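Undergrad: What Swiss-Prot shows for this protein is this:
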{"type": "SIGNAL", "residues": "1-29", "note": "signal peptide"}
{"type": "CARBOHYD", "residues": "N38", "note": "N-linked glycosylation site"}
{"type": "DISULFID", "residues": "C72-C78", "note": "disulfide bond"}
{"type": "MOD_RES", "residues": "S81", "note": "phosphoserine"}
{"type": "DISULFID", "residues": "C101-C111", "note": "disulfide bond"}
Amino acid sequence: MNSRFTSAFTPFAVSLGLLLVMTSAFPTPGPLGEDFKNDTTPGRLLLTTPEKTEALIKRMVDKISAMRKEICEKNDECESSKDTLAENKLNLPKMEEKDGCFQSGFNQAICLIRTTAGLLEYQIYLDYLQNEYEGNRENVRDLRKNIRTLIQILKQKIADLITTPATNTDLLEKMQSSNEWVKNAKIILILRNLENFLQFSLRAIRMK
């Protein structure tokens, strides 16, 4: 087989493989009961429907909104000081055009892969929230648990097309700050970006 034929065939094979993964992933809906929500054991097969997964994401978005509001009640300028927030460059996972999650150029398989990878990358930032958030800590614990559950659901849909990134412990140390305002600014920035990330992922979840 010559190289020109191989190079033309490879993208088709990859796309076909992704489509086969997606086709086999969605037709197995099952109940999402209390046992499911309380059990995030790695490797456990989680059966759910796109509607219930969407509801899970919306609950997380509402939780994040409540956490941001809780912080802002203690600081009137927390959401308006964009310059201060911009200085705290945390290299947070974000959706880009190439990730297939935007309305223009939407690709369900690619979007699901990017969503799963991004949520795995967010784990270190959730560790920071767990350590530094001074509001209702139960909200942080619930958010972490729900994101782990969502990651498990999405991993089942994309099979073995993604690997867990290495934990960046150095980043967690670099994020530490004794300045209360800087700390809160980082928390707000993490929550805001995570909320946007989850909202973009909804388009892929809604597709059946």
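All positions are counted from 1 along the displayed chain.
Cβ coordinates come from backbone N, Cα and C, glycine included.
Tell me about the surroundings of these features in the structure.
TA: DSSP assigns C72 (disulfide bond) to a helix in the three-state reduction.
Under the DSSP three-state reduction, C101 (disulfide bond) is assigned to coil, being neither helix nor strand.
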Undergrad: Please report the Cα separation of C72 (disulfide bond) and C111 (disulfide bond) in Å, rounded to an integer.
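TA: A Cα-Cα distance of 32 Å.
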Undergrad: 10 Å Cβ neighbour count around C111 (disulfide bond)?
TA: 23
Undergrad: What residues, ordered by sequence, lie under 8 A Cβ-to-Cβ from C101 (disulfide bond) and sit at least six positions away in the same chain?
TA: M95, C111, R114, T115, F200, S201, R203, A204
Undergrad: By a simple count, how many Cβ atoms lie within 10 Å of the Cβ of C72 (disulfide bond), its own Cβ left out?
TA: 15
